[in-house]
Amino acid sequence: MGPVLAAVLQLLALIGALALVYVPVGNYMARVYCSKQHLRVEKWIYKGIGANPDAEMTWPAYVRGILSFSAVGVLFLYLLQRLQGVLPGSLGFSSVNPAQSFNTAVSFVTNTNWQSYYGEQTMGHIVQTAGLAVQNFVSAAVGIAVAVALVRGFARSRTGELGNFWADLVRGTLRILVPISVIAAVVLVACGAIQNFSGIHEVGQFMGGSQQWNGGAVASQEAIKEVGTNGGGYFNANSAHPFENPTPFTNLFEIFLILVIPFALTRTFGVMVGSVKQGYAILATMFTIWLGFTALMMWTEFAHHGPALQVAGGAMEGKEARFGVGGSSIFAVATTLTSTGAVNSFHSSFTGLGGGITMLSMMLGEIAPGGTGSGLYGVLIMAVIAVFIAGLMVGRTPEYLGKKIGAREMKLAAAYILITPALVLVFTAVSMALPTPPHSMLNSGAHGFSEVLYAFTSAANNNGSAFAGLNANTDWYNTMTGLAMLLGRFLPMVFVLALAGSLAEQKPVPVTAGTLRTEKPLFTGLLVGAILIITGLTYFPALALGPLAEGLA
Amino acid sequence: MNNSVTNTARLLWAGLRALLVLTLVTGVLYPLVVTGIAQGLFHAKANGSEIKADGKVVGSSLIGQSYNLPLKKGQDTPQPDLRWFQGRPANGLGSNSLNTRYTLILSGATNLSADNENLIKQVRDAKVAVVRDNSVPGYTVQPSQVPADAVTSSGSGLDPDISPAYAELQVHRIAAKNHLPLAQVDKLVKDHTTGRTLGFVGEPRVNVLELNIALEDLTAKK
């Protein structure tokens with residue numbers, strides 16, 4: 001069997017596995033967020049927080065909950081790194097400097113997991129497990145909570161109430177993320193991922209001498225890193241490191257973990273709005289883009305254009321032998337079309353067009369299937385815009401899921417789709433115009449520009465992967481990517497929740513013969529088109545200067 | 001005004017308590033439970049899949065090593081020890097600049113782009129070296145025979161594997177340098193080749209450390 005056929009079969013196996021769990025996982029998540037019952041342990045936790053989980057929140061209250069929880073999260077993680085030098089259980093690693101601590105704290109709280117540090121020489125056990133991994137859970141739970149609040153906005157009427165943030169946060173963590181992660185972590189250990197709390201191992205070598213490795217709770221962090229679409233690696237090489245991703249099977253399994261919740265949330269959405277067909281239409285949109293991008297990536301990577309790759313006879317630079325071109329291509333698209341940013345191969349050494357695909361994937365807003373929660377709310381915003389475009393074409397007031405899309409709703413949706421590109425392009429332009437930031441580039445020419453464009457695309461979209469040649473551990477990049485991550489996470493969330501609030505207040509519009517049928521393939525086609533055209537128009541000039549210039553040279 | 005300050009403070013206090021409780025669950029209990037299960041059921045794997053030869057630990061089957069001659073005076077980079085199977089280049093590996101009382105390997109890739117002059121040179125030089133090192137009297141390696149993994153650095157820099165094609169390319173050299181029959185070395189490579197999982201997942205590969213341990217056994221027997 002050739003590598004291309006093997007790659008296609010892997011892709012089919014992945015689709016089969018995702019299809020198998022789609023309904024049960026999606027239905028389960030819907031039950032979690034609709035249930036009136038609290039588990040006993042949850043009741044204890046609510047007592048600890050001092051929150052009443054049954055108190056409904058309006059959208060401003062929901063926003064305040066998220067912002068306070070996240071602000072505390074950033075501060076806590078910042079202090080944990082600043083104090084690492086005096087904390088026990090840190091392998092004696094020294095404290096992290098202020099700019100990098102700020103960057104890393106923001107990075108993990110915003111579900112980005114951009115890393116300007118080398119995990120194996122910087123972060124000890126305490127920061128990794130009690131700091132970084134905790135945010136892997138809760139930042140993912142926050143993302144799902146916002147998506148669920150938006151879905152409630154569509155599902156409810158004549159109320160401003162969107163649910164309770166604390167209840168959504170705790171349930172998402174305890175009932176969804178923790179159980180999946182425990183199972184996933186044990187599977188990873190069984191295949192060779194390490195899981196211990198020992199210090200630095202000194203191990204003999206075949207030719208004599210010894211090598212030193214970090215021990216650590218790697219498998220437990222790896223599991224939530226993928227399930228929560230976080231992406232922050234324990235080691236610098238991330239999921240290319242054999243202790244994080246030891247076998248071809250774990251590679252496919254990790255891709256599955258990345259995609260499972262974002263895809264299944266469309267089912268949750270369908271169940272909660274009372275029409276699973278609406279969920280299928282959104283799923284079809286995500287799936288079409290994901291499959292198309294994966295096919296394109298395989299094509300360009302197997303074709304291996306680019307001088308160095310042609311001399312080598314294959315695009316294996318930055319790729320592991322056990323995954324090959326196929327397993328690396330599937331991973332690269334899954335990680336950038338979600339907000340994950342974990343890598344099992346290094347995107348900077350992909351073909352010019354392959355690197356461009358990873359960038360374009362993020363620029364779509366990470367909605368196919370997107371991050372845990374953020375993918376669903378992102379695609380629903382695009383659906384609102386697609387409905388609006390369709391409304392303009394037929395001259396009818398647009399409506400979606402029985403809710404009118406009026407001026408206020410459109411302003412919020414437009415603000416949502418403008419904020420991220422504005423952050424990406426402005427930060428990139430300023431970094432290129434100033435005298436010192438370009439010194440961080442490793443490669444020159446078009447690819448050097450791509451490194452900077454990639455960095456801010458990744459930060460503002462909360463992805464976290466990198467064209468990692470860029471030396472991002474400077475005060476400029478630590479501060480500016482930090483700001484891009486903060487603004488790129490929380491401003492869109494505010495717009496989404498405001499939209500959810502105004503939808504929830506409306507009374508439903510009855511379905512008539514003139515209603516656009518948003519559960520039909522025609523709408524899926526319209527939505528895919530809207531997504532590609534809006535992103536294309538926004539980013540084409542920047543992409544032309546970077547990956548297109550390199551790929552078509 | 002005063003009211004909003006109190007409200008904000010109350011909210012932040014709730015946020016802090018939520019964070020601490022969830023840290024207990026996901027940052028303490030979760031890793032401890034997983035570690036317990038891992039250490040109980042998969043002790044060797046959870047601790048790094050260490051591998052022994054003659055009763056001595058010689059590394060991890062998951063972590064690639066270099067098989068070089070000792071560095072001679074005036075050399076910047078050590079020469080490969082051609083008696084042993086060679087792994088992939090690892091030009092992206094680094095050494096630690098922080099917490100330097102340890103000598104930690106920093107995993108990583110070169111991150112050089114496909115049109116980068118340095119990468120083109122690295123690949124060209126590696127190809128020349130592979131052809132030169134593996135051509136022995138009576139057997140000349142053609143540049144077109146050299147697989148891509150032999151001349152490119154991996155993502156982690158710690159790739160434990162090479163492609164079967166690269167292993168087979170080295171068979172003639174290994175047989176000549178160790179004075180072993182070609183068929184015996186060939187069989188060794190075949191025995192240590194792992195196919196795709198279930199026939200289609202991943203790529204066929206040969207674990208270099210395990211192969212070299214087996215080779216050492218073979219030469220010792222002789």
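Cβ coordinates come from backbone N, Cα and C, glycine included.
Quick look at what TrEMBL lists:
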| type | residues | note |
| --- | --- | --- |
| TRANSMEM | A:61-79 | transmembrane segment |
| TRANSMEM | A:130-155 | transmembrane segment |
| TRANSMEM | A:176-197 | transmembrane segment |
| TRANSMEM | A:252-273 | transmembrane segment |
| TRANSMEM | A:280-299 | transmembrane segment |
| TRANSMEM | A:374-394 | transmembrane segment |
| TRANSMEM | A:415-434 | transmembrane segment |
| TRANSMEM | A:480-501 | transmembrane segment |
| TRANSMEM | A:522-542 | transmembrane segment |
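Among the stretches A:130-155, A:176-197, A:252-273, A:280-299, A:480-501, the one making the largest number of Cβ pairs under 8 Å with the transmembrane segment (A:522-542) is A:280-299. Distant neighbours of the transmembrane segment (A:252-273): 10, 13-14, 17-18, 21-23, 25-27, 29-30, 33-34, 140, 144, 147-148, 151-152, 154-155, 176, 180, 184, 187-188, 191, 222-223, 226-227, 229, 239, 245, 279-280, 282-283, 286-287, 290, 327, 330-331, 334-335, 338, 340, 342, 344, 369-373, 375-376, 380, 401; these residues of the same chain sit at least 6 beyond its ends, with a Cβ under 8 Å from one of its Cβ atoms.
Within the same chain, residues 111, 143, 146-147, 150-151, 154, 229, 262, 265-266, 268-269, 282, 285-286, 338-339, 365-368, 400, 405, 409-410, 413-414, 416-417, 462, 492, 496, 499, 516, 518, 523, 526-527, 529-531, 534 sit at least 6 positions outside the transmembrane segment (A:374-394) and bring their C-beta atoms closer than 8 Å to a C-beta of that stretch.
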